[in-house]
Amino acid sequence: MANNIPIGSAVRTQVIINRYFVKAKKNLGQNFLIDQNAILGIVEAADIHAGDQVIEIGPGIGSLTEQLLLAGAKVFAYEVDDSLPEILQNELPKKIGDAPLEDRFKLMLKDVLKANFKEDLAGFFDMSKPIKVVANLPYYITTPIIFALAESDLHFASLTLMMQKEVAERLEAKPGSKEYGPLTISVQTEMDVKVALEVNHNSFMPRPKVDSSVVVLTPLKNKPEIENRKHFVWVVKMCFSQRRKTLNNNLKTLIPDSEKREALIKKLGVDPRVRPENLTIEQFIEIARNIPAK
């Protein structure tokens, strides 16, 4: 198969699968993207330019990796499937422009949730410059990865992530919607959320049961003032612990004293019978400020 045919095309993906006896591993949430328009759409959404430093999570057989490299990015990829490095080494272009592949691409066999980013990236990336994350995320670890990236101390320019459509809807949710919850609030206090692209489930091999969305997360320039982020996230989760109950009922565990609880609800300017999904992010921040950190 001529290598001028993109890895992400259905034809070349099938050739690679046959050549290396690849089987998508359900336990790793593997679904290979075979829609070249979607792949190029991800690269465009990530606004990739020559010289950009990109962390890719789960490169698979290299469908997205190839296009990131061709767009001029320097790519550091995390992968947990030890059967894939051989494929990436053989199938990715040997040269990108005038540079050999090893100057522009580095693969680390490691779970990104166990990554020490600064240690891993040292010597390959210029750590004084911002980093972009681009990934087709396995559905089963989407939320932990988003939290891990949001809470890391790396200087991120943006995170462009393909994920289950349902998760994307939770990320961009507004107060009053059923999708609004702890994930929404945790992410929106750190990042601007934009859904850039919808990807049909037919764009994957094997075909998942659900559609996907490509979401671009950009760090907020003016983040809300949260004194203790770990405490804030815990308070939000506690407020949503019994979603159908009123705010007053959910706060009983956090503020046993009824007078103090009533005073806080009055300060928030809300009805005690309001449910947590109707509160704004600013109101959750105020609740956390009034509950002592443990």
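Glycine is no exception: its Cβ is also placed from the backbone N, Cα and C atoms.
Note that this is a predicted model, so its numbers are computed, not measured.
Here Swiss-Prot flags N31, L33, G58, E79, D111, N136 as S-adenosyl-L-methionine binding site, drawing on sequence analysis. All protein chains included, D111 (S-adenosyl-L-methionine binding site) registers 12 other Cβ atoms within 10 Å of its own Cβ.
Maximum intra-site Cα distance, S-adenosyl-L-methionine binding residues N31, L33, G58, E79, D111, N136: 21 Å. E79 (S-adenosyl-L-methionine binding site) carries a strand DSSP state (E or B).
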